[in-house]
């Protein structure tokens, strides 16, 4: 029976464990500890049931009876909490728990347990447990420590058992809770009394059990902690005491309870007064304490037993936190909430700072409105001021509800949130126009005028600001409306376009005047005056039009300014134009004095230009800004206001004079190049060749057009002239970007070279310069504290000692870096030994270098000695040619001496050693060593030493006899072989030694080495003597080399000096995560694709050396198979991590970012900060051993670094037991400093209504590895109102800490050696970088995905070029670097008080990262770039991933064009900085689009000339038709198209960092791998998405996927993705080219045609076939066949409700039309579609059938033919389902129609002029017309639907897609016939190792298929 009970209990436990892990899939879940793991969340949140059951599991083996008592109590609690078992999983939990209890109640002998003694048993067990674990002793020790404020060395042992201690405390806590619950029934005179007394003692004691288990984030403020000494730091103590409650504060009511075991403080008062949430208060209390403590650290450590914080530190925090509020008040000319800074004491300042943070911490989505927070703070600060002046505290009226409850969230935040949510609902999930709803910026800008105070306080619910939108009525925007139009490009950057237009006008005039610069030419050139005025007037008109939608709510002053500017612009443009017309009349008149109007014109123009120049200088020129700000005269202010609108942001956007001059010179050089080229070369290649043809064409009278001309006859052939000039003008507008690219490459290269980038670019250079690394390290990376540490009492008087000291400080850091490389499997154990540096802390005076520098040097030196025929000086000279050989020889010599002295104990032996070395030293100083020693015998002597060291390194004292014998053999060889005969004789006859030798005492015993220094020496000497291989290629791994090269190179770069860790700026790393891969599961690693390739197989082939190192690390042989690893769970887990660390996973990111903490711990440990009153206690021996266990170092690191991962849906993942949740939990367990924030949704029912309540939560891993909730802050509603990522960041940013925050994406990596430089980087915030301190520090990235495929390599190079050279130039000299996501470090306080680190409005802020750069710049921040530190970054590796990513970025840039940020920067920057800003943001995409448009403009122009028949006639008349200009324009376009100019910065980067030869080789390799095809294809992607976004919207986040691209992409998938973006456009261009070749005229024939159209044909081929060229196995026959089947089934599948576009052509086709939503979009689409009708109109007049007839009837007849063709098509495609009753009739009709059609065509060909070529020409004409009709039908879908024609339209569209697919598919199928094409493609796509693996896997897959068959 007992066995049955045990089995039943085991079964229940197993079931519950399995229940908890169900659906966890392959993720590595934490093994649930019995039943404790199955507690439902609804119970675990409100009780400690899980802790009680965990304790029951812990003590089960020790006392099953007590375990049973705990389980019963847990059941009682569950029953009381949820009696009806309504909660999710509660019923199953109760049932399982009851089953377990029943089994515990039955004893093995069948007797029942006496439950009446439960309380006594529990008390006795509690006493025994406390005694066994010495709990009372430890508590007394803790009490003493808390009181003394210092940690003694006796706690080192406690440090090692910290986690064990936590478990003991957790068990005791559970026992105490259960005893407290049961004590009510116990005898008060017996056990009950004892329990009550114990409970009283626990509660009264300051060191309680609860202290260890009270959840805390970094500082245990609620209760003291034994295991975390952070509270003992004097700065933390001082910060805590600074916020403590004092007698001067208002009295709190007696009923107010202070949470935890702490004294009341300021936050308690604020919580009571304003009703802030408890967890918000706890969160911000810690935030403020850390901020004050860290501010104090930089000023100096407070001393004494009761440390105080300096007033200066308080002021610094106060002014930084409230800086934006102070600026806001000044802008609105409002009084601050305090009278003056001097008038308020430090307590008031801390109250205000705390109040601001509490408001911010609970503001949720209102955090995006920084000035709204200022408004709230302003009023609440006044309320607080009144309360502080009162004797007793009372609740603030603004936060008090009608029922008397005080809740800040509900009274203040919820009303604002609700209106935000209502407006967000109006955006129709991002589809509505931006002008139809208010976004975050609109809400915030309401507070940019004093009108915001009409909102009142408490806020009036009926105010316009809080009025919800009703129906379709638009809510007024603030002052800017994001209308969707390309006109924003002109409006935002009108100065650029005006400048380019005027320069083109002037150049053209000069060209038409044949270069004569006389008065007449000057008068003509001055026509730029009216042009300038008119274009400025156009800008004013656009301002008026594009502000429509904001007039009702915009500030009156802003509207007035628009109207004044509009009338002023109209007046000036009219006046100047009138005057200029008068000047022209004067010029044409024949009067002698004809300069009156000219003089007036010059005067007016001069005054106007002077006024504008004066205002421009005043507002944009740095030196004049002070004058501009000082002037208060209303007249002056009026003109200033008219010229430039005054916003709250963007005031004072100027730089230091030196910076200004730099970027002005940069652009003047570009303009100099452009316009010099334009005048001398471009004028001869672009403009001047067009002058003569233009003149001729204007005066040509052409009547014999090939078609019915409607336009050109009576207007001087204007269309012909336009078709000639348009491509040239298009190139003129975009070629500044070409010059910018070239200039930035040169400047970036020079800056990089000056910064010493690329000095160490090979492993040979690293070897050669290793000697200088310690000195450079100490100079830059060692803090002053570390430099003060002495080593073994050495003084650093001479350079040798200084070098030794430097090496000793460098060694622990270098060795830790090498260990990290070994842990990451980049190097093997042997390489780790060779790369490690000796500690250099011993008494050996010379520097000991790593063995990879010295290996085999001794043997080489011996060879030199054996060959020596010369003097000692010559021999030493030859040895010193290799400095490391000299080091090896010296070290070997001194080491032998030291080892012999240390191990020889007999007096005679020591005398012999002393004499030998004295003689050798004397001979060295005399230069007679080659005489004293017989160098031929050196190998023999060294062999004896090698035998000795070989014994000594075995660390076995029993070998002492053998070692003594080996020493004697050394003596024998040295005495009788090595030394000269004279010395040998003297030694032999040396009495004292000879007597000892004869008596057998000489070297009879030795002292076995036990000193660590001697042990290290012995091991090292043995390796020096035995390692024969050269270590010239150590490390072998390329990534390890790259990292070591970059790190060592960066030591010589300019960087701020490192501060001690205690004075370092605190920082936080912040990573948003949604649902990407956390950790690869075993099944994911082993899952094979259709080629039989798994991720694991792929990684083993790509990283073979790392795989071997991994197997070595886990103690497995190189031949270990995957199956063997699966048998061991720890090996399996290590394998999953190994693979995940090579992908783009969260695990990789977390490991990388936690290196920051490891680096800080190491640096803190080496600086040896004690926790006593003394700040630093010097170590006598620098070592990093045990630094990870040092509690002081861990606490110091935690004070400076936090890592928050915002896993938005982690709560949902846990609920559905997703594998990602288990993997995130595993990361939490492995990284104690990791914190995970997530949004938790609870359902609450009030008055029958179920509503969702949202919480922002922060968790860490507790002592049992389970999630421990630290904070839970209620939100006003669903936080996701805008874009997902910024909303995810916003909800979690309240949990960040420190002065800086580094934004890291979840596909990034970091390295320990780079983390070492983080404190240097943080010092940049205090460095001089211009007029303002930096607010964002840009950091360089290394793209680690470049080795995956050729595409990944292209992308990696392109990205690397941008994040290094590109951003280097943007930061200096251009001063327009923005934030581009990824590893930038933000000034946290600056940004959280100004709206956060990203913007979140729906769609408009789709590229959320860059807006933080815009925001920072507009709010007078400063963004810098630093390249001595790098962070790893993963990029997309397959063409589809890359295309989706580029589409996302291009769409984001399209939205930026419409945004207010870009408009304001474009308007407020000075002219030159505006140019930099334009060409490095949206201008890049504008120029990209212009590149493609140039092809269209050129080809449509050529098509017009060909169709109209003008080209041949004009070519005869106007010679070469300006082909020279077109050639030049198209050549420039082609070079841009194939990425030559994109590659220039890339090549410069290669040259700088790899060297010239490698750069050339890399560039040639890229060309051979078809990078030009890739760049041309990318051009199309960017153009399509950028253009479509501005026209129609539809920009959205596109999940690109971050896996390894080893799978073949199906033809249909590629077709779906690229059909509209590339294929349609490519086929349109192909049609234009066919028209040109068929009907155009090219003088010079085919050669001219090929030269002119080469770039266009290249573009067509790239756009059509790139997706298949870069598709793995794209040309393999079997795949091609399968692709065709898949494509046809997709094309013909009818679809239906719920069918996705991936499965059905019809569904996909419907999805493709979704972007056309608005009337404006339909009209634009209609206009664009009309171009396709040109083909039919042109071709019908070229048919042989029509002859010379050019009447409109011919075109009309072609439409009749087209209608007949369409009807015939309808007959053939009539659906049989609808004609079931007369199928026979239909088939007969179809047959007759087919025969009739063939007969009709034959008759027409036979009896008319119609020819076979005419038939093909007709097809050429009708295909574009059909497409145009399709496009129009789709555009006006509702009308077509209502006419009943939609089904026909769909069938036509299907036919077109089928035709396009066949055009693309046929060449692929033909190439797939040839097997070598597929092999070539594999070589092209993947590196050689994987290409071999791919072929093997194909054979294996084939073989597998045969076996299965």
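Positions of Cβ are set from backbone N, Cα and C atoms, glycine also.
Sequence annotations record features per position, and here TrEMBL assigns domain '1,3-beta-glucan synthase component FKS1-like' to 347-460.
Annotation source TrEMBL lists region 'Disordered' at 19-38.
Summarising the annotation, TrEMBL assigns transmembrane segment to 493-512 (among others). Tertiary proximity for the transmembrane segment (493-512) is limited to same-chain residues at least six positions away from its ends with a CB under 8 Å from its CB atoms, namely 521, 524-525, 527-528, 531-532, 535-536, 538-539, 675, 678-679, 683, 687-688, 691, 729, 732-733, 736, 1466, 1471, 1474-1475, 1478, 1483.
Residues 435, 474, 476-481, 483, 485, 487-488, 490-491, 494, 497-498, 501-502, 559, 562-563, 565-566, 568-570, 572-573, 576-577, 608 of the same chain sit 6 or more residues outside the transmembrane segment (532-551) yet have a Cβ under 8 Å from a Cβ within it. If you look up TrEMBL, you'll see 532-551 (among others) marked as transmembrane segment.
Long-range neighbours of the transmembrane segment (563-581) within the same chain, counting only residues 6 or more positions beyond its ends whose Cβ lies under 8 Å from a Cβ of the stretch, are 526-527, 529-530, 533-534, 536-537, 539-541, 543-544, 597, 600-601, 604-605, 608, 642. Taken from TrEMBL, the feature transmembrane segment applies to 563-581 (among others).
Residues 523, 526, 529, 533, 572, 575-576, 579-580, 582-583, 585-587, 625, 627-628, 639-640, 643-644, 1470-1471 of the same chain, all 6+ positions outside the transmembrane segment (596-619), place their C-beta atoms under 8 angstroms from a C-beta of that stretch. The annotation transmembrane segment is assigned in TrEMBL to 596-619 (among others).
Taken from TrEMBL, the feature transmembrane segment applies to 660-681 (among others).
TrEMBL lists 1477-1499 (among others) with the feature transmembrane segment.
Sequence annotations record features per position, and here TrEMBL assigns transmembrane segment to 1534-1557 (among others).
Residues annotated as transmembrane segment in TrEMBL: 1623-1642 (among others).
Annotated transmembrane segment per TrEMBL: 1752-1772 (among others), in sequence order.
The transmembrane segment annotation in TrEMBL covers 1784-1809 (among others).
Per TrEMBL, the feature transmembrane segment maps to 1815-1834 (among others).
When Cβ-Cβ distances below 8 Å are used as the criterion, the transmembrane segment (1855-1876) is approached by residues 1611, 1615, 1619, 1623-1624, 1627, 1664-1665, 1668, 1674-1677, 1679-1680, 1684, 1687, 1691, 1705, 1709, 1769, 1826-1827, 1830 of the same chain, each at least six residues removed from its ends. The transmembrane segment annotation in TrEMBL covers 1855-1876 (among others).
Residues 734, 737-738, 741-742, 744-746, 748-749, 752-753, 757-758, 761-762, 1357-1358, 1360-1362, 1364-1366, 1487, 1491-1492, 1495, 1563, 1566, 1571-1572, 1574-1576, 1578-1579, 1654-1655, 1658-1659 of the same chain lie 6 or more positions beyond the ends of the transmembrane segment (1534-1557) yet place their CB under 8 Å from a CB of it.
Note on the domain '1,3-beta-glucan synthase component FKS1-like' (347-460): its mean pLDDT in the predicted model is 91. Tertiary proximity for the transmembrane segment (1752-1772) is limited to same-chain residues at least six positions away from its ends with a CB under 8 Å from its CB atoms, namely 708, 1736-1737, 1740-1741, 1746, 1789-1790, 1793-1794, 1797, 1818, 1821-1822, 1825, 1848, 1852, 1855. Counting residues per DSSP class in helix, strand and coil order gives 81 helix, 3 strand, 30 coil for the domain '1,3-beta-glucan synthase component FKS1-like' (347-460).
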